């Protein structure tokens with residue numbers, strides 16, 4: 001009955017792109033009589049169709065082996081490039097998650113942007129995001145996956161810069177674009193270099209090739225390091241992590257997508273490339289180190305932030321670091337489960353935070369307090385989201401982290417310690433935010449703060465219900481650990497308690513003055529300013545690039561332009577000098593011609609004359 005939906009799954013990205021095109025007449029204001037709202041409603045309809053198409057397709061392919069569809073794109077000489085589409089339960093499940101969260105974010109935006117005349121432009125850009133992500137998860141070609149990632153980079157730039165009349169927004173959009181471009185360019189080098197080695201860009205064929213490939217270790221290291229550069233930028237991993245913090249300048253509905261499924265696109269590509277990455281043990285070590293440093297560092301930075309959106313953004317980087325560790329240790333299925341549980345939990349947290357910010361007009365945590373009596377629904381949703389993010393049974397995050405911890409306990413005790421520490425830091429961070437928002441006394445900023453409009457509340461409560469039932473879905477999909485390692489599970493719960501209890505004690509205790517200043521103050525400032533990474537870049541990379549630019553500018557100004565200008569001045573000087581030789585007498589012109597011809601003849605014949613003189617001598 002639903003077989004046709006699975007065979008036409010390639011239409012799902014086209015729904016979103018069609019919605020973006022349909023919204024264009026309202027975007028520059030070509031259609032003015034109706035206002036911009038029809039553009040949003042058209043996109044909602046297209047996303048709704050994409051969601052149910054994915055749902056019916058998932059029913060059709062459940063329990064069946066993966067299938068492939070290939071569309072030939074280019075055949076020239078010995079080069080053949082095809083757009084490969086993979087049809088499997090995993091791919092279509094990812095489609096369902098993407099379209100579902102997009103649907104929730106678009107309903108959320110109806111209220112959040114109700115007074116904004118940029119409706120059409122916003123929904124067009126969100127549709128571009130949605131189409132790109134849907135195309136990525138069904139694409140089975142590395143080359144076209146890279147092309148889609150470029151579309152997502154463009155979408156990130158445009159959505160962060162949505163309110164482009166604000167200087168911070170413009171700076172954030174520019175920095176995010178340039179930071180991600182660094183990873184994308186290095187990834188492109190790896191994509192191009194891989195084709196002559198493997199002879200294909202198809203992920204399935206790449207896995208078969210990698211199983212028997214015999215590459216020079218140096219070649220394998222350079223290739224695989226280039227391939228992980230793109231995911232490092234997309235997943236905001238150190239040192240390409242600064243863009244996600246500045247991306248918080250964009251609208252909150254876009255943040256719902258960016259903090260959940262957009263950053264996960266890099267992790268998805270990493271999972272698909274895992275068989276190739278196994279060719280380079282050095283790359284796996286780099287992934288482990290980068291993931292560990294980012295996870296721990298971002299967890300500490302999140303605690304030191306006073307801006308709630310930035311605090312959540314660093315928690316995103318921390319969890320993406322865990323994904324890097326999972327892929328580096330060969331846990332691709334665990335990485336996908338963790339991505340799934342994380343996306344649901346983080347989307348719920350961002351919705352609650354946006355709900356609160358919407359009618360309190362502040363992202364400063366120090367201005368909040370006592371919201372539980374005024375917004376119990378938001379408080380309950382935040383509790384469920386926080387519990388689903390950390391290792392707290394029986395919520396979904398616990399099972400994903402327990403599965404990962406079981407494997408890490410067999411691979412490296414140090415990596416297990418990293419997992420426990422990140423879980424504790426995340427638990428402390430989300431508990432701190434909950435206690436500051438909903439605990440304590442009411443403050444002037446929260447004196448009038450009722451639950452927001454229904455388009456904000458409904459997506460939030462629906463996502464909460466999904467998060468509560470997530471363990472049941474994992475059990476039905478056979479994704480729960482077959483044998484739970486009780487020792488690791490106990491350590492994870494203990495780490496969660498080690499984060500929750502101190503945070504609750506500190507931030508709910510009225511006897512402790514707020515805001516909290518941890519001693520020594522320099523350490524808190526160090527983490528609050530993102531380890532001074534931006535300043536470090538400014539005095540190193542930016543300084544060197546600026547110095548080289550100044551040197552090149554000097555060479556261009558005084559040497560290149562100087563030579564060109566000298567030739568021009570010589571020509572002008574010669575012309576100005578020769579104009580005084582104009583007498584109007586034909587005899588003088590004739591004599592000048594004869595002298596010129598004679599001079600040219602002497603120059604041409606001079607070697608012959610010198611030889612004649614040698615003969616006579």
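Every residue gets a Cβ built from N, Cα and C, even glycine.
Unlike curated records, TrEMBL annotations are generated automatically.
Here TrEMBL flags 73-123 as domain 'NADH-Ubiquinone oxidoreductase (complex I) chain 5 N-terminal'. Among the features that TrEMBL reports, domain 'NADH:quinone oxidoreductase/Mrp antiporter transmembrane' is placed at 140-419. According to TrEMBL, the transmembrane segment annotation covers 43-63, 92-113, 125-146, 283-304, 311-329, 335-358, 379-402, 408-431, 452-474, 536-552, 558-576, 588-609 (among others).
Tertiary proximity for the transmembrane segment (452-474) is limited to same-chain residues at least six positions away from its ends with a CB under 8 Å from its CB atoms, namely 104-105, 107-112, 114, 337, 341, 344-345, 347-348, 351-352, 354-355, 358-359, 377-378, 380-381, 384-385, 388, 394-396, 399, 480. Simply put, out of 92-113, 125-146, 311-329, 408-431, 588-609, 408-431 has the most Cβ pairs sitting under 8 Å from the transmembrane segment (379-402). Secondary structure of the domain 'NADH-Ubiquinone oxidoreductase (complex I) chain 5 N-terminal' (73-123) per DSSP, as helix, strand and coil residue counts: 29 helix, 13 strand, 9 coil. Beyond the transmembrane segment (408-431), the same-chain residues lying 6 or more positions past its ends with a Cβ under 8 Å from any Cβ of the stretch are 288, 292, 295-296, 299-300, 302-303, 311, 315, 318-319, 321-322, 325, 329, 349, 385-386, 389-392, 401, 485, 487-488, 491-492, 495-500, 502-504, 507. Among residues of the same chain six or more beyond the transmembrane segment (43-63), those with a C-beta under 8 A of the stretch's C-beta atoms are 1-3, 5-6, 8-9, 11-12, 15-16, 18-20, 22-23, 87-89, 92-93, 95-96, 99-100, 102-103, 106-107, 123-124, 126-127, 130, 134. Using a Cβ-Cβ cut-off under 8 Å and counting only residues 6 or more beyond its ends in the same chain, the transmembrane segment (125-146) has close neighbours at 9-10, 12-17, 19-20, 23, 43, 46-47, 50, 68, 81-87, 91-92, 94-95, 98-99, 102, 105-106, 109, 152, 154-155, 158-159, 162, 184, 187-188, 191, 194-195, 201-204, 206, 230, 253-254, 257, 261-262, 265, 268-269, 272-273.
Averaged across the domain 'NADH-Ubiquinone oxidoreductase (complex I) chain 5 N-terminal' (73-123), the predicted model reaches a pLDDT of 84.
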